[in-house]
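The structure appears below as structure tokens.
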């Protein structure tokens, strides 16, 4: 009886963790799109900077004030040699994501972001000369095919938004690969990652945001009918962005790897559906098919990656990797949620 109750509670906790993760993720995406489209606040650098500031304050509060998470100590020299380069790429990744949201629909942007596994595998193969099992390469075919179909049939196609989303995938992959090289020896969770990287990202972004968008923001404030209400929504998006990072920490500790992968792909589908219901951006039949193929491909890729990770390495077997790190791409795609 007790085992049954424990099992039921575990399932309920996993479901609750997934639902709150979905809620925060979809809300952040929708609110950001609302800011760009409905509030006419067309300043992605400033939105990103606000998110960094809110996340830095939030992480400090969780670790230092509320002490809900222990601080992972980092050597002062490593903060500049390791954390700063990571923060720079991390900053570029978030900014490109917001730029893409500024110009293209949520459905198209989310589909392109699903290209991240492919860019990571290719970069690791080209730069690190890592061997990958043929099944990993085969699992990328539906992802690439689905994204090509979605891009060709997208009715609201914008080249700048498309390029921003695509380069965002490359930035995510670069961040993942750099993490192996620069952060070895440190086991960061999502909260400690934000604690160390968000302040650096703020320093990197605040000057470009002021120089490139400062005059535009002042003009927007002077002509917007309800500037203070709009600013409240904009800063609320920063608070929600930090809450999203906290929800990621919770869902990782409450679900298995397979559940996390499937839930991550379903989350994209939920975001696409909710965004269409709110913004009513036109989606053709073939565009929807391309999006579905991409999501199925991402799920299949996650399944293949998980199955290969469970297989023991047999020494001496031809084309057998010498370690699991040679077998699998270094990416946890669903962790790439915005700060």
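Using N, Cα and C of the backbone, Cβ positions are placed for all residues, glycine too.
Automatic, uncurated: that is what TrEMBL annotation is.
Positions annotated as transmembrane segment by TrEMBL: 12-31, 43-63, 83-104, 134-153, 159-182, 194-212, 228-251, 258-279, 285-304. Marked as domain 'Sugar phosphate transporter' by TrEMBL: 15-301.
Note on the transmembrane segment (258-279): residues 14, 18, 21-22, 25-26, 29-30, 33-34, 37, 105-107, 110-111, 113-114, 251-252, 291, 295, 298-299, 302-303, 306, 333-334 of its chain, located 6 or more positions outside it, place their CB under 8 angstroms from a CB of the stretch. Remark: the transmembrane segment (194-212) contacts the transmembrane segment (83-104), by the rule of 3 or more CB pairs under 8 A. Listed as Cβ neighbours of the transmembrane segment (228-251) (distance under 8 Å, sequence separation of 6 or more from its ends, same chain) are residues 17-18, 20-21, 23-25, 27-28, 31-32, 34-35, 39, 41, 47, 50-51, 53-55, 57-59, 62, 69, 189-191, 193-194, 260, 263, 335, 337-339. Most Cβ pairs within less than 8 Å of the transmembrane segment (83-104), among stretches 12-31, 43-63, 134-153, 285-304, belong to 43-63. With a cut-off of 8 Å between Cβ atoms, the residues of this chain six or more beyond the transmembrane segment (12-31) that come close are 101, 106, 110, 233, 236-237, 240-241, 243-244, 247-248, 250-251, 253-255, 259, 263, 266-267, 270-271, 274-275, 278, 337-338.
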